[in-house]
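Engineer: TrEMBL lists Lys94 with the feature active site, proton donor/acceptor. Sequence annotations record features per position, and here TrEMBL assigns NAD(+) binding site to Gly194, Ile195, Gly196, His197, Val198, Gly199.
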Amino acid sequence: MISDVINAKDLPKLDPVFGQLSFDDHEQIVFCNDKDTGLKAIIGIHNTVLGPALGGTRMWQYNNEWEALNDALRLSRGMTFKSAITGLNLGGGKAVIIGDAKTQKTPELMRKFGEFVHSLSGKYITAEDVGMTTDDMDTVREVTPYVTGISESKGGAGNPSPITAYGVFMGMKAAAKFKFGSDVLEDKNIHVQGIGHVGEALVEHLVNEGAKVTISDISQERLETVRSKYNVTIYGGNDVYSEEMDIYAPCALGATINDATINKIKAKIIAGAANNQLAEDKHGKMLQDRGIVYAPDFLINAGGIINVYAELENYGRQEIIRKTENIYNTTIEILERAKANGVTTNTAALNMAKERIEARKKENS
Ligand code: NAD
């Protein structure tokens with residue numbers, strides 16, 4: 001898993017909480033501290049109009065508390081829109097634990113964190129994110145039912161990555177239908193950047209469909225493994241952005257569409273799993289101006305949240321697949337709306353998510 005934490009030096013000095021750059025009318029922010037276990041955590045609850053705020057817990061060695069707070073704020077906001085656009089009755093939340101997951105994470109610390117989650121009586125439901133494992137969620141489950149992503153043997157829905165990859169595949173096919181008039185990916189040149197849990201599963205779908213796949217990763221070992229398993233080509237150049245290709249699938253870091261890359265990109269479609277692919281909103285507009293179809297990340301990478309939602313709603317595999325396949329229809333709708341309204345695809349997706357929240361607010365009032 002990868003983090004795309006905002007660097008502290010980029011954060012202007014603002015009021016401590018409500019004045020933060022990433023503050024967006026969040027409903028509640030909870031600071032958790034426990035001296036005995038060393039736990040220092042922040043739970044961001046952005047919006048609970050559609051349902052309890054669900055989002056993973058990230059454990060990361062932040063340079064300072066500002067970075068941690070901004071990460072919690074930004075990530076929890078993102079979850080609100082991801083669930084809203086996917087049609088789930090969930091709000092947006094996210095937690096961060098400050099510390100090194102490799103050296104500072106203990107079962108005691110995780111249980112204490114679980115007690116804080118429990119104290120919110122279900123307003124926030126946690127799950128796995130960077131620095132967390134299914135085992136950690138099982139530990140949290142010992143002290144609270146407000147946790148998802150627990151192991152299958154304990155009644156959980158298991159690893160979300162294959163479902164996330166399937167949703168990305170659906171979103172990519174929809175973007176192809178919109179751009180090329182056909183959603184068949186056979187013979188399309190597709191580059192998958194980052195072949196971790198999601199990237200590898202995506203490669204498998206693409207290869208099965210007959211696409212011409214190239215892969216890149218910072219891990220040589222991963223490259224060799226995926227090449228030998230799927231007979232795909234390892235990218236041999238040194239600037240993947242300038243390469244001619246039909247589809248670019250970012251499945252590693254966020255913010256790869258930025259000032260340095262935007263004018264080089266030759267792909268006709270961008271569709272991948274990474275969170276926060278656009279460094280800034282203006283990059284969405286620049287893609288639109290150049291006729292590059294961008295399938296919004298928070299729309300097409302929602303398979304993971306669909307998978308954990310199944311644990312709460314007790315729906316099975318079939319419904320998980322049905323909801324994930326629906327990403328295809330929603331992507332088409334968003335791309336058409338963006339075109340009709342002359343807005344970026346990201347804005348169209350955000351607007352659709354906000355409309356659903358506003359409609360529910362009216363129903364509830
Ligand atoms: P992962 O850690 O399993 O895989 C990421 C891969 O990217 C690794 O193989 C890593 O070596 C590679 N990588 C790192 N830096 C790179 C670089 N600069 N260039 C190329 N490759 C690089 O993570 P994952 O679970 O597969 O998630 C991938 C992305 O999708 C992340 O951004 C994650 O936030 C997002 N995402 C994942 C899920 C999920 O269900 N796992 C759900 C939604 C979004």
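In case you wondered, yes, glycine gets a Cβ from its N, Cα and C as well.
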Engineer: Which of these recorded positions (Lys94, Gly194, Gly196, His197, Val198) have a C-beta closer than 6 Å to some atom of ligand 1?
Structural biologist: Gly194, Gly196, His197, Val198
Engineer: Once the chains shown are all counted, how many other Cβ atoms turn up within 10 Å of the Cβ of Gly199 (NAD(+) binding site)?
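Structural biologist: I get 27 for this one.
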Engineer: Out of Ile195, Val198, which of the binding-site residues is least crowded by other Cβ atoms within 10 Å?
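Structural biologist: Each of the binding-site residues Ile195, Val198 was scored; lowest Cβ tally within 10 Å is Ile195.
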Engineer: Neighbourhood of the NAD(+) site (Gly194, Ile195, Gly196, His197, Val198, Gly199): other residues with Cβ within 8 Å of the Cβ centroid, in order?
Structural biologist: Ser161, Val192, Glu200, Ala201, Leu202, Asp217, Arg222, Cys251, Ala252, Ala273
Engineer: List the same-chain residues at least 6 positions away in sequence whose Cβ sits under 8 Å from the Cβ of His197 (NAD(+) binding site), in sequence order, or say none.
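Structural biologist: In sequence order, Asn159, Ser161 meet the Cβ cut-off.
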Engineer: Where's the emptiest Cβ shell within 10 Å among the recorded positions Lys94, Gly194, Gly196?
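Structural biologist: Minimum Cβ neighbour count within 10 Å, taken over the recorded positions Lys94, Gly194, Gly196, occurs at Gly196.
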Engineer: Using DSSP reduced to three states, classify Gly194 (NAD(+) binding site) as helix, strand or coil.
Structural biologist: coil
Engineer: Under a three-state reduction of DSSP output, how is Gly199 (NAD(+) binding site) classified: helix, strand, or coil?
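Structural biologist: Note: Gly199 (NAD(+) binding site) is helical by DSSP.
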